[in-house]
């Protein structure tokens, strides 16, 4: 008998035997088997069969438990294993006879249930009492099988295979579970046209990730439900197949193929009533092929696809289609391509407006129309690595989620007041132990203060709860209204006009009036509210900023003032280069005011001048101004790119070369942080081909890396530095205008015209004057003073000492760098020796003064170093 049992039948009989041992029963009865069938894992086929004859599962289980409890039990250490009772043998014999009658090769759990109903004695009576007679069960069993025979050891997993391995999208549309699909009429019409063909009626939707391929299929499901399709598709079921579920748990070779064959047979038996949908269609190529087998899912589908027996809609991305589907021409020719293009910003706004109600109901917040417009436009401009409408929908969803989190969290006023109350309570406990008069008086004052704050806290908390209730009330009403509209639509579709009229002319208008009243009440509360209840354009901009680091929101008053004073801020670090500071400041202001060219970098400059005059320092100061960190910039030393083959390191090695997967040093840095300062230092030392790469960046604000990805440079400030012609700038015999002209001539002879023509500005840094060196000396001294302050040392430097530093450190050919070295050697080195020797201790004041042609460094008490 074992050889004829299916896997689940064997498991059920073993479980029944174990139950008999546990209960101490000498006989294995049909009641044990019935309980095992009801309580086993993956027993949905048994429960579905009993549900089909409207039997009460709980009552059947209770009846079987009662029978088992009434059986005689045997105790002792030498109890023999339970033996099948006469009734049990009769049940198995009846099950075998029924299996033979139905032409089945294996004995399944359904056969055993039929045997219990027919020959199970008391257990059969329990089933009969619940309306599950052998005759009714056999009819339900035949209907569920659909004419298929049991020819494998796992037939139970094959019944209702389509239901098990698929999701009915038309049922979801009927229940209002799918989001509305706005637009995409042309794509849906093309899909319907292909599905209406006689053969090869299989459209495949191809497009970039996030453009709405799955939404097109959901739109088709909604049209089928509404009847807005040709006769050939009316009343059809659109089922999304889950290949992952088919593969999951397929332990043995051929198990996946068996499941897929069962699904395909069920689709074929439906006589064209089922249209299938496979998302990520490329997964069918290679799915299920194990070892040396060539029979993957794609090859199993081909015959039915070609004959028109299987109407299938696929969806995949352009890259996956090219890599997987096009490599199998026999599979490709069975599908008809439907290209789903990225919608425009205007179309995306329309889509967002259609989805707005769903997101408002889910998050229980209001979403302003300006937020939808901002989501579409800002995502299109700043999130270039993804596609509309998906990225815009994500922005709205996350902004609404943030606001909901803020609403559910305590407002700042309540939080601060609660902390204050907690502090006063702790203080009260501490002072309460004191008995002196001063402490008692302080305790009295503290308790009065605590009572006032607790009363204020109660008032604020009550107000906050009221505001939250008002917000939640509006959200709940919107959700209920959405649900009732769905019910009304279903009632109209099903011809239940009585229910539809009750909803449309009774409940829905009442609910709309309640919603209007609740919204008005909310507006009253909102005039002086503690919590914000509407997602606005600024919230969307905040999400964009958190994703990309790009400040896309409106300028706050403090930031406006900061930008207007940008020259002063940069001038605190960069001495004497007014033209360069103004050029960079103007570029940043254009960008933040929103009037910069959106298709070019924020600014691109070539800084020219002798060494040590502040070219690199200005780039650092700019990064510090924008990001509060001078290291927050992409700095590339172009002397490392002096050879032709090293150019590929900027954008990444081409395919087949070492480092292909790593990406380029320039492109990867900007891709990770699109709003940044890019400093290309000493560009004249780079190979000429580097400038050919930069042409695209300077003109269109984009660059394609070694892996074919387009990197967006439109939010970067590009700074290139060079020493070309610096010998003219330090020549004291020529005027300023002539110096600059000579430098520009050298630059024009060194760089191609098309490169120079794309730069926003060529900024010539002038040599530093004596006065400017004095100011730089003060900056260097201030830096040293800050480092000494960490050791609680105070540094005092006289004006005479500063003048000496400026004189001694003045070398026009080398700029301010000799001055930095002089401060380090003349002051820093001496201080280091004395600190280590203990001559200067923490808390001392150090004085630096000039004595003749020397610098005197010593404690303020007068001792020199």
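Just so you know, glycine gets a Cβ as well, placed from its N, Cα and C.
Feature annotation from Swiss-Prot assigns ATP 1 binding site to 207, 208, 209, 210, 211, 212, 213, 214; the stated evidence is similarity to another entry. Here Swiss-Prot flags 609, 610, 611, 612, 613, 614, 615, 616 as ATP 2 binding site. Swiss-Prot lists 393-527 with the feature coiled coil, giving similarity to another entry as the kind of evidence. Swiss-Prot lists 1-147 with the feature domain 'Clp R'. As annotated by Swiss-Prot, region 'Repeat 1' applies to 5-71. Per Swiss-Prot, region 'Repeat 2' is recorded for 84-147, and the stated evidence type is sequence analysis. The feature region 'NBD1' is assigned by Swiss-Prot to 160-342, with similarity to another entry given as support. Residues or ranges marked as region 'Linker' in Swiss-Prot (evidence: similarity to another entry): 343-549. What Swiss-Prot lists as region 'NBD2' is 559-767. Residues or ranges marked as region 'C-terminal' in Swiss-Prot (evidence: similarity to another entry): 768-865.
Overlay of Swiss-Prot feature records on the structure.
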| residue | record | DSSP class |
| --- | --- | --- |
| 207 | ATP 1 binding site | coil |
| 212 | ATP 1 binding site | coil |
| 609 | ATP 2 binding site | coil |
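When the binding-site residues 610, 613, 614 are compared by Cα distance to residue 210 (ATP 1 binding site), the shortest distance belongs to 614.
Among the binding-site residues listed (609, 610, 613, 616), 616 has its Cα nearest to the Cα of residue 208 (ATP 1 binding site). Ranked by Cβ neighbours within 10 A across all protein chains shown, the binding-site residues 209, 614 are led by 614. A gap of 48 Å separates the Cα atoms of residue 209 (ATP 1 binding site) and residue 609 (ATP 2 binding site). Taking the Cβ of residue 612 (ATP 2 binding site) as centre and 10 Å as the limit, one finds 23 other Cβ atoms among all the protein chains shown.
For the ATP 1 site, the Cβ centre of 207, 208, 209, 210, 211, 212, 213, 214 serves as reference, and the other residues of the chain with Cβ at most 8 Å from it are 215, 317, 340, 342, 387, 390.
In space, 614 is the closest of the binding-site residues 609, 610, 611, 612, 614 to residue 214 (ATP 1 binding site), judged by Cα positions. The DSSP breakdown of the region 'Repeat 2' (84-147), given as helix, strand and coil counts, is 47 helix, 2 strand, 15 coil. Over the region 'C-terminal' (768-865) the predicted model carries a mean pLDDT of 73. Within the same chain, the residues at least 6 positions away from residue 615 (ATP 2 binding site) whose Cβ sits under 8 Å from its Cβ are 580, 607, 608, 609, 721, 765, listed in sequence order. Shown are the binding-site residues 210, 610; of these, the residue with the fewest other Cβ atoms within 10 Å is 210. Residue 211 (ATP 1 binding site) is 52 Å away from residue 610 (ATP 2 binding site) when you measure Cα to Cα. Across the region 'Repeat 1' (5-71), DSSP classifies residues as 49 helix, 4 strand, 14 coil. The shortest Cα-Cα distance from residue 207 (ATP 1 binding site) to any of the binding-site residues (612, 613, 614, 616) is found for 616.
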